[in-house]
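S.K.: So Swiss-Prot lists these for the protein:
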SIGNAL    1-24  signal peptide
DISULFID  31-81  disulfide bond
DOMAIN    31-81  domain 'BPTI/Kunitz inhibitor'
DISULFID  40-64  disulfide bond
DISULFID  56-77  disulfide bond
């Protein structure tokens, strides 16, 4: 294979690595936790990653405690957990 072909192959492999979504084995364990409303009653919208749905979804959060699978924004959830 010519050096140009090798360079093209290397570029394509690099692009594939960058564009490949996070796999479930690379996803943090807290993303597998269920949505947890917590014990408080300051109800507000939040997002959690749903392993069953394979996406971040909105839920009502009580405002305190809960667990680590709890994000203020959809973007934050997707950045941490979405595949």
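Cβ from N, Cα, C; glycine included.
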S.K.: Let me know how many other Cβ atoms fall within 10 Å of the Cβ of residue 31 (disulfide bond).
M.R.: 20
S.K.: Cα distance, residue 77 (disulfide bond) to residue 64 (disulfide bond), nearest Å?
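M.R.: Rounded to the nearest whole number, the Cα-Cα distance is 18 Å.
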S.K.: Taking 10 A as the limit, how many CB atoms besides its own sit near the CB of residue 64 (disulfide bond)?
M.R.: 11
S.K.: Using a 10 angstroms cut-off on Cβ to Cβ distances, just flag whichever of 40, 56, 81 is the loneliest among these disulfide-bonded residues.
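M.R.: Comparing Cβ neighbours within 10 Å for the disulfide-bonded residues 40, 56, 81, 40 has the fewest.
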S.K.: Over the domain 'BPTI/Kunitz inhibitor' (31-81), what is the model's average pLDDT?
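M.R.: Looking only at the domain 'BPTI/Kunitz inhibitor' (31-81), pLDDT averages out to 96.
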S.K.: Roughly how many angstrom lie between the C-alpha atoms of residue 40 (disulfide bond) and residue 31 (disulfide bond)?
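M.R.: It is 22 Å, counting Cα to Cα.
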S.K.: Sequence gap of 6 or more, Cβ distance under 8 Å: name the residues on the same chain that satisfy this around residue 77 (disulfide bond), in order along the sequence.
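M.R.: Once residues fewer than 6 apart are set aside, residue 77 (disulfide bond) is near 47, 48, 49, 56, 71.
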